[in-house]
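Below is one structure; the comments refer to it alone.
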Amino acid sequence: MKRIFLFIVTNLAILVMLSITLRLLGVDRILDAEGSGLNFNALLVLSAVIGFGGSLISLAMSKWSAKHMTGATVIEIPSNSTEGWLVETVRRQAKAAGVGMPEVAIYDSPDINAFATGMNRNNALVAVSSGLLQKMSRDEAEAVLAHEVSHIANGDMVTLALIQGVVNTFVIFLSRIIGHVIDRAVFRTEEGHGPAYFVTSLVAQLVLGILATIIVMWFSRQREFRADAGSAQLSGRNKMVAALRRLQQEYEPSHLPDKIAAFGISGQKSQIGRLFMSHPPLEERIQALQSA
């Protein structure tokens with residue numbers, strides 16, 4: 001909760017600074033001169049409620065939605081040696097990382113993957129695919145589990161959710177500002193909002209949304225490097241390198257839903273470019289581990 005509180009305070013401070021900056025630049029005076037009647041403070045609050053609200057609700061529901069989207073089955077009582085090893089390995093790593101014991105689950109999928117999700121460090125979920133258990137050795141699987149436990153220990157779910165909330169707020173706020181400016185200054189709408197406002201706001205939101213995605217994906221890639229380093233500490237660098245090598249050899253397109261793909265061990269290859277990848281290329285991750 002401390003992490004959430006600090007991030008919210010920081011992000012609200014950023015929004016206040018944005019409002020002050022726009023006022024110092026005279027944007028509010030320009031809009032007033034054009035008769036827009038735009039209330040900066042009300043727009044900021046509305047943008048923050050929508051931007052942060054959606055992100056935090058998604059975070060709060062992350063465990064429930066992840067289980068339902070993947071069909072993951074939580075291991076309540078291990079029914080075989082593999083499940084017993086899985087639970088005990090996560091328990092040992094969670095204790096070493098200083099986090100509460102997460103729920104451990106298995107979901108049916110042929111690809112080698114795993115993910116972690118949850119609202120906080122002491123109420124999380126670690127899930128692995130059936131394909132991972134079938135195709136990886138115990139050492140490799142141990143490294144993958146350590147990677148996911150490191151995501152939990154680093155608070156990555158909360159961090160990315162709040163970053164997403166910030167960029168959502170900026171996108172909503174700035175797209176409406178742009179819509180007002182174009183509608184009043186260019187199309188000379190005198191009262192209310194003309195068609196230009198809605199069209200311009202929509203286009204601006206799409207363009208800014210793309211830029212926002214690039215920012216969020218950059219943060220996601222940095223968190224992957226940190227989780228790899230955390231795995232190296234918990235399970236050993238050689239095991240983590242071996243796990244990444246196995247991913248290179250056995251690569252299959254990820255079957256994880258987009259909402260939780262950022263926390264899978266195996267990222268999806270992007271045809272558009274690296275800017276939109278949630279995970280760094282596997283070779284770069286291996287090089288980072290070997291040079292550490």
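From the backbone N, Cα and C atoms, a Cβ is placed for every residue, glycine too.
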Record-annotated Zn(2+) site (Swiss-Prot): member among Glu76, Glu224, Glu250 besides His147, His151:
Glu224
Protein Cβ atoms within 10 Å of Glu148 (active site), excluding its own:
29
Nearest-integer angstrom distance between the alpha carbons (Cα) of Glu224 (Zn(2+) binding site) and Glu148 (active site):
10
